[in-house]
Amino acid sequence: MREYLVLKNFFIRHKWPYIIGAISLIMLDFVQAYIPRLMGNITDGLKNRTMPYDQLIKYVFTVLAMAIIIFVLRYFWRMGFMGTARWLEYEMRRDLFSHLLILSPDYYNHHKTGDLMAHATNDIQAVRMSIARGMTNLMDTIVLFTTSLIIVVKTINLKLALVGLIPGPFMFIIVVIFGRKIRERFRRVQEAFANMTDKAEENIMGIRVVKSYVQEKGEIKKFDKANMQNFEANMAMVRLSSIFGSSMQILSAISTVIVIIYGGTLVINKTITLGDFVAFNSYIGMLLGPLTSLGWVVNIFQRGSASMKRINTIMRTKPEIVDSPDVVDVKELKGDIKIQNLTFKYAEDLEPALKDINIEIKMGKTLAVVGRTGCGKSTLANLLLHLYKVPEGTIFIDGIDINKIPLKTLRENIGYVPQDTFLFSSTIKENIAFSPDDIPLEKIQYAAKLAGIHDEIMGFKDGYDTVLGERGVTLSGGQKQRTAIARAVLKNPNILILDDCLSAVDAQTEEQILRNLKEFMKNRTSIIISHRISAVKDADEIIVLDEGKIVQRGTHEELLATEGFYKELYKMQQLEENINTEE
Ligand SMILES: Nc1ncnc2c1ncn2[C@@H]1O[C@H](COP(=O)(O)OP(=O)(O)OP(=O)(O)O)[C@@H](O)[C@H]1O
C-alpha cells in the first residue's frame, strides 16, 4: 500500500468529491439496510391482516421516497468515487507521458515499446480500478455489513445471523485464492492476445516481404499457433471461472439451506415472525455480499499496488541526461565546434564506438564524415546532440563544454536530420513545422523548396494539407527524407547535421538539394554524414572513420591523392556511375 503514497496530493486536491461520495455511500447503505426490515414489517402486517389501509399507503410512499433518495445518493457516490478516479487516470497518463518524453534515448534501448504501452493502459487502469472499486467496496463492506448486522441483531435474532454467516469466511477465502489465480490467468490471456495481434499486425505491415518471399503458408501457421495459444489461455480462464462461480453458488446454497432450516424452526417456535424470516433472507445477502466483496478488495488492491509499483518505477527513473547545475546561460550557438580526445562507449562492457576523436569545425564550415557501416558516424551525431552522456572536456561548442550548454539551447540550435526519418500521422505542413506555434506557410514552403520537395507536395491534391500515414498518403523513402530535411531547415539552425539522410534519393537530386542547402548554410556549420562521394566532395574537411577511429582526413582532392578507404570508395562509385551512363 506504500506505493499509493504518491497519490496523496491528488486525494488532497480532490477531497471534496471524495467526502461527498463517502457521505452519500454511507447514507445509501443505511437506507438500503432498512429496506428488508420494511419488507418484513409489511409481510407481518399483511399476514396478520392487522394493517390498516392508510398504513399500507404510508409504506408505499416510504418505499417511493427511499427509491428517490437511493437515486440521488447513488449518483453522488458514483460521481465522487468513479468520476474522480477517471480524473486520476487522466492525470496519471498525462504525467507518465510527460515523463516518458524527458527520459533519454538510452532508456528506450532497454525497454520495449509494448511494455511501456501496457503500463500506460493496463497498469493505469488497474490503479484506477483499485481506487474506484477497491475503496467503494471496502467502505460498502464495512458500512453495509455493520448496519445490516446491527438491524438483524436488534430486530431479528443474533444466533440466526451467526449461523447464516457460517459460509462467509469460506467465501472470503475462496475469493482471495481464486481471485489471485484468475488474475494470473487473465494476465496470460492478455499476453496471448497481445502476441496474436502483434503477429497479425506484423504480417499486415510486412505484407510485401511476406509475399515476395512466398511465406504466406508459413506465416499462417505461425499465426495459427498464436491463435491457438490465445484460445487455450481463454479456455483455462473459462475453466477456472466456472469452478469459482460454482463454488460460490454452492456456499450460497448452503447458507440458504441453513437459513431455511434454522430460521424456519425459529418461525415455527414463534421465536421470530414470518416478517423477520422474510427480512432475514435479504439481510443474509447483505451480510455475505460484503464478505465476498472484501475478498475482491484484497485482490483489487494487490493488483493495483503491483501496477502502481511498476508506474512508480518509471516515474522515479531519472533521465540520464539533464542540465548540469553549472550550465552556462547561453541562448544562441554560433557553431564553432571542437572535439578533443573523445572516446565513447555505449556501455562499460562494450568496445568504444568512438576512439580518440579530434576534430575542429570553424563556424560556417562543412565537415563530412564517411566510413563503413557501424564505424561510429551516427554516434558522433548523437553525441553532438547530447543524446548520450558525453565525457567531460571532449566536445566544445563556441568554446563551451557541451555538458554546460543547456539542452534546450543545444537542440534548438542544431537542425538534425536522422538516418531513419520519422514523420507523424498529420499533414505535411504540420510535419515540416513541427511546432505548436503558428508558422506562416511561406516559411514552410521556403524550407520545402530548399529540401527539393515543394513541387511534389504541390502535386498532391491537398498540397501542404495532405495527411500522411495510415489515413492518408504514403510518401516514398526519398520524399520522407526531404520532408525531414525541410523540418530541420525551417528551424533556421546555426548547425545542421545531415545523417545519411539522402540515401533514398538519386545522386542528381542529392546534388541539387546540397546545392540549395549550400547557399542556406553559408554562415552556418554543417556536418554531412554520407556514403556517397558526391555528397561530401565539397566539404571543407572530410574525415574517414574506421572502427571508431579517424583513419583519414583532408579535402576531397587531398584524400584522392592518398591510398585508402576514400579513394577506394571514389573509384567504386565512379565505376558504378560509368556503368549506369553506359546503360
Ligand atoms: N545504443 C547503442 N547501444 C550500444 N551500441 C550501439 C548503440 N548504437 C550504436 N551502437 C554500436 O556502435 C557502433 C557505431 O554505430 P553507429 O550507429 O554510430 O554506426 P554508423 O557508422 O552510423 O553506421 P551506419 O552507416 O550503418 O549507420 C556500432 O558497432 C553499433 O553497433
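Each residue, glycine too, has its Cβ placed from N, Cα and C.
Per TrEMBL, the features are:
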DOMAIN    19-303  domain 'ABC transmembrane type-1'
DOMAIN    337-572  domain 'ABC transporter'
TRANSMEM  16-36  transmembrane segment
TRANSMEM  56-77  transmembrane segment
TRANSMEM  138-156  transmembrane segment
TRANSMEM  162-179  transmembrane segment
TRANSMEM  250-268  transmembrane segment
TRANSMEM  280-301  transmembrane segment
Cβ under 8 Å, sequence separation of at least 6 from the ends of the transmembrane segment (56-77): give me the contacting residues as numbers and ranges.
20-22, 24-25, 27-28, 31-32, 34-35, 38, 41-42, 45, 136
Please indicate, using numbers and ranges, the residues of the same chain that are 6 or more beyond the transmembrane segment (280-301) and have a C-beta under 8 Å from a C-beta there.
1, 32-33, 35-36, 39-40, 129-130, 133-134, 137-138, 140-142, 144-145, 148-149, 151-152, 156-157, 160-161, 164-165, 167-169, 171-176, 179-180, 183, 248, 252, 255-256, 259, 263, 272
I'd like to know the mean pLDDT over the domain 'ABC transporter' (337-572).
91
